[in-house]
Structure formats: structure tokens, C-alpha cells
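Note sheet for the following structure.
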Amino acid sequence: MRIFTTLGQTKWHLAMLVISTSIFAALVWYIQRVDTVRFNSKNKPLPDALKSDVSVVLAVLRALQGLLSAATLVGLHTSLQLLQWHFVVSRPAGLRYVDHLALSPSTTFLGTAGIALWGPGRCARFFALSRILLITLVGLSGSILFFRTQFITLYDRAFSYNVVAGVGVFDGSYIQPFLDRLKSLQPDYPHQIVPYSHYEIIQNLVSNPLYSIFSPSAQCPIAPLTGSCASYLLSGGIMMAEPFLPRTIEYPSHSVVKLDRVPSVQLDFTPLPQGYAFLDSDCDVFGEAGILFAIKMCVSFDPRSGGLNAGLFVCTNGTTTAPDYTLTCQTTSLTPNITTTLRYSPRLATILTSRSNFSILSTANIKPPPSFNPSLVLNPTTIPPYRQALAWALNFTAAAIPAPSSIVQNFWALGTSGRLDEPALRGSMNQMFHSLVAFPIWLCNGNGFGNPNSGKAEMVGKGFDGVASVVKPYTIVVLDFAMVVVFWACEGLVLLVIWGLLLWVVVMRGKKELPVMSSYGAFDMMEKMRVEGKWDDDGVESWEADDGEVRENTRWWRVLVAKGEEDRRRMEFTQRWR
């Protein structure tokens, strides 16, 4: 019964402690829930609890953290007050006044620090240090939780389906069968067949969000004199996935298609070093006698970097025909008008595309495949079929394409007018040239249009099979793990101390009855306690005492409970005597 009586006397303290613990548990639950969903949410629906606007979630977390700090601080002060009363009631000699000051909520932080440093008696210093430490832990837990906070995007899955998707490394074995297959479509046609669906890709392949997206450089170095890398991730997006996209109008709010572990190619372009010279055997001329529109395209393997060097000459005066019917570029430039070095490497990536217009929105989890042979990416034997693929795209005369309608026109028109070096046009022309150089990779890879089995069931199990999911993105607040551990340690320790003090007082109270503690500490101090050993003077010293004098002159004072008629008569006598 005494335990229930004590609990009844400390009901507000108990309620504040329960509130603090509940808020702490709610924060722990949210942190644990986010981590669980973060690492196990692949292709799974998100819990409803996490489908909230990030600003609302952040506001709620900040509010909970603020309430937790406030409730914990109130609970701590109440616990120390309860401990203070326990000492006053349970000890016949009461509590030393300086110990009372160290525990009292009315003592400021500066005063508590003074007792901790210069207070008389080890108990007073221990109480003061403990109080300072606990208050510091509460303040630290209230501020440390949101240090190094991150925002990540998780995806709520509506449904998933199997796909064949991605872009692999260049495979020159596809180019000749591809050309033969095109010729077989119309054997009597005298010209080279170039489908427009392929031809129109050349102009903006690397900058086309349907197929490619800008990506941080993987391996190309920063060139201080010639500029930095232009780097892209060529994945093909949903445009190179089969099946394309289920025809369904369900889940209209799920506006994103997520492709996991898509084979992709990292393209890193740098300008060719100054003074690099191509051999005549590295180059092909595209034009026609009597027509000014002509270019010379040069491609070579660079054994030093393991990359591909490419340069384009604008034939400002057209071409001339040699007796063996080979074309010679007529130009006054000794160096290519536009150059690049391409280094590329296979990657696996998560691709996020728009469900409405199929554009690639972003990428994630870009990493090398589990195993691949770098020498198979580019080597001297890949250059001839690479040039053959470029020749198929650039030879407008073989395809009977009018010169002004060909890709050549874009470079020739600006080159002959001297505008290729204009800053306003240089960027777009570089992108067009990069697209041209990357085109053979897009065409001739395991899932490219150069492979007759691309996108078909025959490609399953060959590195291009994966899973596509129709999802809805949600931004989630992720708290830093180290900061969370510090928060748990600080807040958990304070709550453990508060619970321990409450249980200790309840269990160790003995036969002594605690007074009813009101919310007015000054009243409780004046009316429910008495002080013995005070100075026997008119109070002048008390009026003028500073912190040091208070600590020194109250070392012999003791605080006892004022209870019963005898104590009241003693207090009245003392008041009349003074």
C-alpha cells in the first residue's frame, strides 16, 4: 500500500516520465522502420506510415524531438526534486543545504557548476556534476539527432514485370549480319538501306533523355589545358526494354517506371591531346565528286589510355577522285576540326523513367558488373567493324540521301563558315559528335538493333534480363546512424536514470511518508521544510552574499522536513525571536 501511496504522490512525475518514454519509443520506431524499409524495399510496396510528404515528416520529427527534450528535462527536474524530498524525509539529520542547492531545480546552471567545482563536500559536488551531466545529455540528444541528415527516395511498387533491357559493350560481329539483313528486305534496291528510326538517333544520342543521361565521370581524367570530361550513362531506358510497357491505366499516381540492374555503358569523352595526328589508314572520306558537302572521319585505337580516338575533318572544298575511285578530302586544315577520346566501360544501374513520356529521370546504384574483361571493351580488332558501323551511318551517297539532308551537313555547314569554334555552338556540336561516336555502341551490342535477337526471349539469361516496376517515389528523411546512436545513448541514459530514481524512491522510502509536492517549489521550500544552522545575525550577510559566500557559509546548514505541531511551534518561536 505504501508503494501505491508513493506512486499517487508522484503521479505527475510518473505521467511526464511515461510521455518522455513514449515519444522516445516513437522516434526509435520511426528510425528503425525507415532503415528496415530502406534496405528491404526493393520491388515491395511501401508501408502507409512512410507515404507522407517529407516536409510533414520532418516537422513531426522536429516536434517530437522538441517535446521529448522538454518532457525529459521536466521529468529530470522532478526526479531530482523527488530525490531531494526523499533525503529530507528519510534521514533523521535531514539534507545538507548545499546538497539541496545542487539538486534544486531553482538553482541555475551557473550555480550548479559552481557547486560542482568549488562546493563543500563530495556529495554536493557529485550531485552537481550528475545534474550538469544529465542536463547536458538532454541538450545534446535534442540537437545531435538531426546532424548529417539525408533525404533519400524510396519507391512504392504497384506491380512488376520481367523485361529484357539495357545496352551492352560494342560487338563488331553484329554489323555485317545487320547490313545483310537490311539488304534482304529489298534485294533489288540499288542503294544502301538506312532506316530513319536508326538514322535520326545519331544526331543527339548522348543528350537524348530517352536513351542516355548525364552521369558523373567514371574513369576519364581532368584535362587542365583542354577541358574536363563529358560523361554519360547510355542505358537505353524504357525505349530499349521488351516488353515496352504494359498497356494499363491503373495506378495513375504511380508515374515512374523503375528498371533494376540494367546493363549500361559509361561513356567518358575528353578532347584529343594537342598535336595528335591520324594516319591516312585511320580515316574514311564521305562525299561525292562535284558536291562540296564532304567530311573525313578518322578513328584509331589508343593503346595508352585503352580508349578510342576520333577526329572529323570538314572538307571545305569538297573531294577529288583518284584513279582508283577513292576520295580525297580537300581542306586547308592540318588537324581535325573536332576531336574526342572515348573511354567506355560496362555498368549495372537502376534506371528511373517517366511513365508518361519515357524520359530517363535519374539513375542510382551505378556499379561495375560482377565480372568482365576490360580488354574486350575496346581493342585494335574492334576498330574495323566500328568504322564500318560509322560508315553505314555517314555514307549518304551510298544511301542516296541528299547531302543537305544528311548528318554530314551539320558539321560541314558550320565548318566551312568557321563557326565550329564559336562558344555558343561548340557545346552542341561536341554533343552531336559524341553522339556520332557512340552510335556504333548503341547499334551493335547484345540488346542493340544490330542484334536480330535483341529484346527477345533468346536474350534471357545473357545479362539483359531484369525486372521493371511501376512505382511512385517518396522522399524519406534518413538520420545518420552515428548521430542516432549518440541520441539513443544520451536520451536512453537520462530516461534510465529518471526511471531508476523513481523506482529507488518508491522501493527505499520505508515508513516515511513523502509530502505532497506541489508545482510551486518556493512554497514547498518555505512551508514544508525548515533550515537549521542558519546565521545568528540580522540577515545583512545573507542580503550581500554572492555565489562563493553562499557555498561557504551554508556548509553547516541542514534542511529538514517541517511537519507536526512541534515543528510549527519551533518555527513560530524562531520567527518571534528574530
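Any Cβ shown, glycine's included, is placed from N, Cα and C.
TrEMBL lists transmembrane segment for one of the ranges 97-118, 229-250, 295-316, namely 97-118. Between the listed ranges 159-179, 390-410, TrEMBL ties the annotation transmembrane segment to 159-179.
Sequence-distant contacts of the transmembrane segment (97-118) (same chain, at least 6 residues past either end, Cβ-Cβ under 8 Å): 77, 80-81, 83-84, 87-88, 124-125, 127-129, 131-132, 135, 521-522, 531, 533, 547-548, 550-551, 554-555, 557-559. Taking residue pairs at least 6 apart in sequence, the transmembrane segment (159-179) and the transmembrane segment (54-76) share fewer than three C-beta contacts under 8 angstroms. Outside the transmembrane segment (159-179) by six or more residues, the chain places 43, 192, 234-236, 238, 240-243, 246, 251, 259, 262-265, 344, 346, 372, 376-378, 381-382, 384-386, 388-389, 392, 440-452, 454-457, 459-460, 463-470 with a CB less than 8 A from a CB of the stretch. Remote same-chain residues near the transmembrane segment (124-147) are listed as 27, 61-62, 65-66, 68-69, 72-73, 76, 80, 96, 98-99, 101-103, 109, 112-113, 115-117, 479-480, 483-484, 486-487, 490-491, 493-494, 497 (criterion: CB distance under 8 Å, separation of at least six residues from the stretch ends).
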